[in-house]
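What Swiss-Prot records for this protein:
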| type | residues | note |
| --- | --- | --- |
| BINDING | 88, 90, 94, 133 | Ni(2+) binding site |
| BINDING | 88, 90, 94, 133 | Fe(2+) binding site |
């Protein structure tokens, strides 16, 4: 089951959990109200997983690739990690399936507070187009993820502020309806 919580405001290494004391957990229903979808799958059989194929078919996730985020495998690792951690949005959904390793997706709630979502092997998440978010590996500095797309991949990040995009406006309308 996914673990998520409101982040503390402490400065420091973004790869640390940043759990407040006392803890402020966030459940799947609260994530769903933000448009975030989550599945737990068997990452050991991702190449032939009927459950993954069903999700891909139902949601039209027709294109995929695999990215390994670690110093030895990802060119310009430090630069990429900083880029992933910049607060941004996309004009399309962001779909990630963790095949190995772990990391954190941070998303903004309706009050603009950060929610940290711990992702580990077998976790698959969809972040809706228009949601402000960021990603970092955890202290293990390693994550292998499947990136899925509807149609041809478009991976353009628009750093905040990016409220003028239609995807952001549509997302804000969605949030207003889930109030």
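Cβ coordinates come from backbone N, Cα and C, glycine included.
Positions of the features from Swiss-Prot, shown on the structure.
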residue	record	contacts (Cβ under 8 Å, 6+ apart)
88	Ni(2+) binding site	132, 133, 134, 157, 158, 159, 160, 162
90	Ni(2+) binding site	127, 129, 130, 154, 155, 156, 157, 158, 167
94	Ni(2+) binding site	126, 127, 133
Problem set entry | Protein Cβ atoms within 10 Å of residue 133 (Ni(2+) binding site), excluding its own | 24
